[in-house]
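Here is the structure we will look at, set down as structure tokens.
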Amino acid sequence: MPNVISTDICIVGAGPVGLFAVFEAGLLKLRCHVVDALPQPGGQLSEIYPKKPIYDIPGFPEILAGDLVTNLIKQIEPFHPTFTLGERVERFAKLDDGSFQLYTTDGTEIQCKAVAIAGGLGSFEPRKPAVENLEQFEGGKGVHYMVRDPEHFRDQKIVIAGGGDSALDWTNFLANVAADVTLVHRGTTFRGAADSAEKVKTLAEAGKIKLVLSSNVTHLHGNGKLAQVTITGNDGTAETVPLDHFIPLFGLTPKLGPIGEWGLELTDDAIVVDTLDYSTSLPGVFAIGDINTYPGKLKLILCGFHEAALMCQGAFKYIYPDKKYTLKYTTVNGVPTL
Ligand code: FAD
């Protein structure tokens, strides 16, 4: 049975702009379901620069990107949004009654009255290591490019590859979950945070994980399911080890992905919108944040917030063409709940 969700607005993308759109929709008593291909909300802020300070959010002289995401999630709590994370929206259909159905990679179906695309620079796709037969073991056969649910690896033998924050953080975390953890890194020094690298080294010295430096995973073996990997040192020595899962964590790069195939008017991989309400060329579908384009567009979080507010007014009119909405301030009404 497919997982079917019904809502007013389906927001594609849980970056800062998609998250804030939930707030603006909530003020209009519109329910939202938010879908993101990443396993966590926050878009670029969580994935690329969680520890970077941001200086141009009104009211915050300085705020860490990760803290802004935390605040945005707290701000939308009164509206009880629902989320599908770790699944990419692949396609959608507009029905005769003007409503929509969206479908994700994992078979989730979202039925909604309007669609808000807040897909940023697109969905993040993994940077894959140069291992010849990697693709043979993708799709549940043993190779994972992100950790969606750490419990999936409980009591399993895993090999992680990489030298950045993700590889270090997940090695430290999964050391307490998996039966056996090996971290393979092509260099001798790590790009990730120094304290995470220190923790990895301490775990290795205590024999809780295996740390293999100056090496790469060069070949995967198995019959339909991954069973062994070959780890080759920079000096040419090779070792084949048994495992259940290989997790190469070399970062993610954003690509427009399926959004480019949805028949919307595009310019330079961005969705053309009307700045009246950020509507696209297809009535009922709106685009906000980094994904859209219009004369004078600035790819800034604060511009995306403004777009989210106007988009929700447009979505309200699309959903309830005969209802009149009068703007009320949150200070007068408090934050209403749904
Ligand atoms: P994003 O943050 O890109 O989020 C989009 C989300 O959509 C992603 O999580 C993606 O996984 C998801 N998605 C895409 N396609 C699909 C799909 N088909 N299905 C499901 N999910 C999908 N801006 C500022 O205002 N101030 C700054 O100081 C600042 N510093 C920056 C520093 C760096 C290093 C970078 C890279 C950017 C910076 N920016 C800054 C820009 C800012 O990050 C973007 O403007 C902002 O992230 C746009 O938000 P968004 O919600 O539109 O998109």
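Glycine residues also receive a Cβ, built from the backbone N, Cα and C atoms like all the rest.
Annotations in TrEMBL come from automatic prediction, not curation.
Here the structure is a predicted model, which means the values were calculated and not measured.
These come from TrEMBL:
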DOMAIN    8-295  domain 'FAD/NAD(P)-binding'
BINDING   D36, Q44, Y49, V89, F124, D290, T331  FAD binding site
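This view paints the features noted in TrEMBL onto the structure.
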residue: D36; record: FAD binding site; Cβ contacts under 8 Å, 6 or more apart: G13, A14, G15, G18, G43, F83, T84, L85, G86, E87
residue: Q44; record: FAD binding site; Cβ contacts under 8 Å, 6 or more apart: G15, G120, L121, P254, D290
residue: Y49; record: FAD binding site; Cβ contacts under 8 Å, 6 or more apart: A65
residue: V89; record: FAD binding site; Cβ contacts under 8 Å, 6 or more apart: V12, V35, A37, L102, Y103, T104, I110, P258
residue: F124; record: FAD binding site; Cβ contacts under 8 Å, 6 or more apart: A37, L38, E47, L252, T253, P254, K255
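In the three-state DSSP scheme, Y49 (FAD binding site) is classed as coil.
For D290 (FAD binding site), other Cβ atoms within 10 Å of its Cβ number 26.
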